[in-house]
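Trainee: Straight from TrEMBL, here's the annotation block:
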TRANSMEM  20-40  transmembrane segment
TRANSMEM  47-69  transmembrane segment
TRANSMEM  75-100  transmembrane segment
BINDING   98, 238, 242  Zn(2+) binding site
TRANSMEM  112-134  transmembrane segment
TRANSMEM  146-163  transmembrane segment
TRANSMEM  175-195  transmembrane segment
TRANSMEM  240-257  transmembrane segment
């Protein structure tokens, strides 16, 4: 199909075979492209703007994060590795999803890509929290192991709920139990029971706040619901959500770095 085929609420009726591409009430995407055409479609304004908000952060995280993690000062190396993978996963899933979502394979391909995108979000919720749980329960090895296993099992259920959800609201709800689990560890730190760097808690609270605000903006379609057509290419809710997600990942990174360095210097009290 030619590149100049676009969906517009005012001029084109969305066919039943293309409803999966409807986005924010309007979708400016070339439909049913083969693989070679998909890469050329990156130069369309809509897809180009998406790549700005997803592709550039992915490249920055891929190159800069390993250089910013003080590997020589980390005593528990696997925490640094899972943290790095956690920061990459949502951006990688998002880039692949947005690039190939209008593939000629149609809705089956789109659903597979959406599942991949959801898995990326679930991965940062899962892997991203493991250093937090580990640091909070540093001085309680058995409890720490049980908590890590419980969180992984809970996250597996969250992934299932997210990829089978039939609406954006239900997908957002899928991550609620993970958020509550993390918040319980923030509470332990706040009352002085749990461990962790004194400076990391505010980073983690900011992280979750940005993620929640981004999710709410995305499902409520602010600001385009108030001025339809004005924000089709730039500054729409989906793009704002992506910016807030990047900010959330940065705060996760800063908080985890504080914790990893804290682990290296902290000595648990002996009974």
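Cβ atoms here come from the backbone N, Cα and C positions, even for glycine.
Mind running through what each feature is packed against?
Mentor: Remote same-chain partners of the transmembrane segment (75-100), defined as residues 6 or more beyond its termini with a Cβ less than 8 Å from a stretch Cβ, comprise 38-39, 42, 47, 50-51, 54-55, 57-58, 61-62, 65-66, 69, 109, 113-114, 116-121, 123-124, 126-128, 130-131, 134, 242, 245-246, 249, 252-253, 256, 260, 263-264.
Within the chain carrying the transmembrane segment (146-163), a Cβ under 8 angstroms from the stretch's Cβ atoms is held by residues 114-115, 118-119, 121-122, 125-126, 129-130, 133-134, 137, 170-171, 173-175, 177-178, 181, all 6 or more beyond its ends.
Tertiary proximity for the transmembrane segment (240-257) is limited to same-chain residues at least six positions away from its ends with a CB under 8 Å from its CB atoms, namely 50, 53-54, 57, 61, 65, 68-70, 79, 83, 86-87, 90-91, 94, 124, 128, 131-132, 197, 200-201, 203-204, 206-208, 210-211, 213-215, 217-218.
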Trainee: Note down the number of other Cβ atoms within 10 Å of the Cβ of residue 238 (Zn(2+) binding site), including every protein chain shown.
Mentor: 18
Trainee: If you draw a 10 Å sphere around the Cβ of residue 98 (Zn(2+) binding site), how many other Cβ atoms fall inside it, taking every protein chain shown into account?
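Mentor: I count 23 other Cβ atoms within 10 Å of it.
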